[in-house]
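Trainee: I have a structure here, written as structure tokens, and I will follow up with some questions on it.
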């Protein structure tokens with residue numbers, strides 16, 4: 001800090017003196033004055049600073065001064081900076097200039113240039129090869145010096161800051177030492193012992209639940225069904241490893257992300273133990289590989305431009321200017337130092353002794369060989385640095401822990417078998433329990449080991465490819481090549497044989513087919529394409545194709561006797577560890593998953609050091625896999641589908657897309673990248689929460705599965721009984737893997753009827769009238785053949801013809817109401833009323849009285865003629881003789897319906913002609929004077945016109 005005037009310089013040294021003299025020791029504990037909430041109080045000298053440095057590293061590569069301790073701490077309560085420096089050198093004698101710069105989120109916040117001789121640091125004034133460097137000091141700072149540091153920096157987790165110490169030789173004005181330390185506020189997302197342990201416990205619960213469903217029971221298809229719906233340890237590690245291996249992208253990660261990912265490092269085998277790392281270092285030797293090749297800053301290379309570099313001329317110009325100002329006031333300064341120098345020196349010496357034994361442990365250590373510079377979180381090396389594992393040791397660390405896991409899994413299965421046998425021997429367990437597992441325990445051990453290899457496929461392929469990219473010692477490369485060949489050839493070979501075995505044993509045949517590129521539209525307007533098999537198309541005429549490729553399809557030789565893959569016990573026993581969790585029609589999905597994981601590993605590890613190739617290539621892979629898995633929905637369990645397809649798939653696509661912002665070529669501000677990093681933490685944190693919930697639900701469903709043989713009334717807890725029935729019904733339905741039933745047709749609601757105008761008459765009730773008591777009227781309507789209905793009184797008085805044939809006016813048989821009694825157009829309930837007289841009636845009467853030789857023909861308005869005899873009206877019915885009565889009796893019933901269908905009750909011409917023709921053929925038809933016959937146009941009487 002440069003004083004702005006001699007008076008400010010004086011005040012600064014008075015403040016330094018005051019701090020040195022204001023220390024208080026009580027019960028062996030040192031206290032200092034501090035301002036807390038506006039009040040001056042005593043605080044412990046070894047309290048946690050507001051900001052302090054952690055581990056540090058050599059940013060020059062071959063510094064002439066070997067620094068063994070470099071730490072600084074800022075106390076906001078009393079606005080002081082505590083400084084410690086320790087080390088040694090091989091320089092004979094040299095005067096030094098020291099430059100300290102503090103950066104927060106990539107921005108310079110504080111700079112200090114000072115000469116150790118002016119600061120009364122004897123071990124650095126001058127520096128000598130036979131004198132150990134021990135320097136400490138308490139530097140007061142003003143509010144203006146730290147005003148650029150936001151208040152959130154003191155509380156935000158994983159504060160991203162750096163303190164860089166540069167040491168220059170005064171004789172040559174050249175850089176002879178550079179050290180960088182990371183600054184933190186103590187708050188962090190990294191809690192591997194707490195969070196990692198909790199995640200490990202949940203993973204163990206999922207493992208136990210999955211193993212319990214796999215060994216309980218004796219019916220293999222039923223065991224497979226319950227196993228398929230339990231929580232999969234394969235899904236658990238897929239989620240955890242996805243989160244951790246996101247850090248394998250060669251990006252300049254924000255500190256919050258690498259701290260968060262350190263909680264998941266154990267799932268990838270990145271577990272630090274001092275003894276294992278020492279053994280690996282001995283095996284590797286001095287060839288630690290090239291950290292910069294994978295995108296990280298190595299402490300063994302020249303990184304002196306870290307933090308934006310420096311301007312040597314500016315540093316010495318400011319130092320000379322500062323010295324001139326100090327010389328102008330050196331008389332005052334001389335008195336001050338002469339009076340207080342011994343006490344000040346004692347205070348500085350005492351600070352140099354502060355360490356963990358004194359309760360002050362707010363400092364870091366030099367980084368181990370192979371680790372990147374502190375504060376540099378680039379690439380997978382930066383992610384591993386949180387675990388203190390060098391990138392050169394990553395493969396061997398993961399491989400050794402994987403071998404340990406294989407041994408633990410195999411030994412656990414064997415130990416459980418003998419534990420069950422021991423419980424049976426002491427009669428703590430019935431002898432009929434777990435009989436299938438006890439008789440096949442060797443097979444279970446082998447399958448559990450193979451399942452572990454399947455789960456660890458991605459991690460081991462990635463680590464081997466990363467070792468090839470990183471290079472390193474020949475021995476490590478040889479081991480990586482062998483492991484790579486075993487996993488790649490072994491897993492793909494086993495997967496291929498599993499598919500071949502199913503096709504061969506299941507009586508499947510391969511047939512030629514074509515793969516069509518179909519044109520279609522998305523959302524009704526966006527042109528799109530999709531592939532479809534020619535054998536699965538139904539409406540070829542309605543589809544448009546851009547082309548096709550030769551393909552094949554595998555079908556069953558006899559579909560009527562086809563057995564599901566999950567019903568084949570032999571196949572389940574041999575390859576159930578691969579196919580049992582997938583749907584009946586997606587049992588082969590494990591081959592697709594192996595290929596997808598291999599491609600992911602190639603982009604993450606093989607393209608290490610090429611960030612844009614990694615991120616955009618992997619983004620395409622993740623998006624295509626996301627869409628494909630959504631379409632296939634491979635798992636039989638809906639819970640696993642939701643976790644693996646939607647949640648995990650979305651997290652992968654979103655994480656890779658957001659990670660593109662961390663490439664240094666985009667030059668995005670570090671505060672912005674920190675915000676993006678927090679968004680990624682939220683996405684992956686929500687994924688973790690859903691995984692934990694799914695594990696709990698899976699444990700509950702496993703409890704139902706292992707208690708499936710108990711009666712409903714005996715199952716506990718009681719409030720799960722109905723839920724268990726629903727769960728079992730869901731499993732039975734999911735096992736069939738049938739397409740969903742089509743939705744029921746939506747019946748539109750009936751349209752309301754429009755209101756009808758007017759009214760309808762449904763029935764008519766006739767009441768007695770005066771004319772009903774008139775004998776003459778009753779006699780007239782009773783004898784009228786046009787009457788539609790005859791009353792009982794009229795039937796009683798009915799008359800017959802002279803030859804005894806019943807006529808409309810009378811019958812001989814008992815009265816009955818019959819349809820033949822109505823042969824006019826009047827309704828059944830209508831009665832003939834007395835007609836009104838008109839002049840035409842008199843004209844007709846006159847015509848009736850005129851003598852005619854053979855009869856008179858009158859034409860009605862419908863174009864029909866009616867022949868009438870010259871006899872008296874009373875004898876008209878009898879004068880026609882028996883032939884007319886027979887004709888009427890025969891035609892009465894046949895033409896009744898046709899007459900009622902016409903407005904006038906007279907039969908239509910076509911119906912009438914058909915009846916006449918039928919009677920002619922039967923020989924019982926004769927012309928009669930009263931017969932109704934059509935009138936030809938030339939038959940109209942003279943002077944008379946038709947009205948039709």
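Keep in mind that glycine also has a Cβ here, set from the backbone N, Cα and C atoms.
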Trainee: Suppose you had to name the range TrEMBL annotates as transmembrane segment; which of 612-632, 717-737, 738-758 would you pick?
Mentor: 612-632
Trainee: Pick from 355-376, 377-398, 399-420: which range does TrEMBL record as transmembrane segment?
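Mentor: It is 399-420 that TrEMBL annotates as transmembrane segment.
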Trainee: Per TrEMBL, which of 228-251, 252-275, 276-299 is transmembrane segment?
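Mentor: Transmembrane segment, as annotated by TrEMBL, spans 228-251.
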Trainee: Quick one: sort out which of 301-325, 326-350, 476-500 is the transmembrane segment according to TrEMBL.
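Mentor: Going through 301-325, 326-350, 476-500 one by one, TrEMBL flags 476-500 as transmembrane segment.
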Trainee: Mean pLDDT across the domain 'ML-like' (49-190), rounded to an integer, is what?
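Mentor: The answer is 85, the mean pLDDT of the model over that range.
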Trainee: In terms of Cβ proximity under 8 Å, which residues at least six beyond the ends of the transmembrane segment (476-500) contact it?
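Mentor: Here the qualifying positions are 283-284, 392, 395-396, 399, 450, 453-454, 457, 460-461, 463-465, 467-468, 574-575, 578-579, 588, 590-591, 594, 598.
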Trainee: Please determine whether the transmembrane segment (612-632) and the transmembrane segment (228-251) are in contact (criterion: at least three Cβ-Cβ distances under 8 Å, sequence separation 6 or more).
Mentor: yes
Trainee: Using Cβ distances below 8 Å and needing 3 or more such pairs, separated by at least 6 in sequence, tell me whether the transmembrane segment (644-662) contacts the transmembrane segment (587-606).
Mentor: no
Trainee: The transmembrane segment (441-470): which same-chain residues, six or more beyond its ends, come within Cβ distance under 8 Å?
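Mentor: Residues packing against the transmembrane segment (441-470) from afar: 211, 214-215, 233-234, 237, 241, 245, 248, 268-269, 289-290, 293-294, 380, 391-392, 394-395, 398-399, 402, 405-406, 409-410, 413-414, 417, 476-477, 480-481, 483-484, 487-488, 490-491, 494, 573, 576-578, 590, 594, 597-598, 600-602, 604-606, 608-609.
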Trainee: Taking residues 6+ outside the transmembrane segment (193-216), which of them lie with a CB under 8 Å of any CB in it?
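Mentor: For the transmembrane segment (193-216), the nonlocal Cβ contacts are 223, 226-227, 229-233, 236-237, 240, 263-267, 434, 436-437, 444, 448, 688, 691-692, 695-696, 698-699, 702, 705-706.
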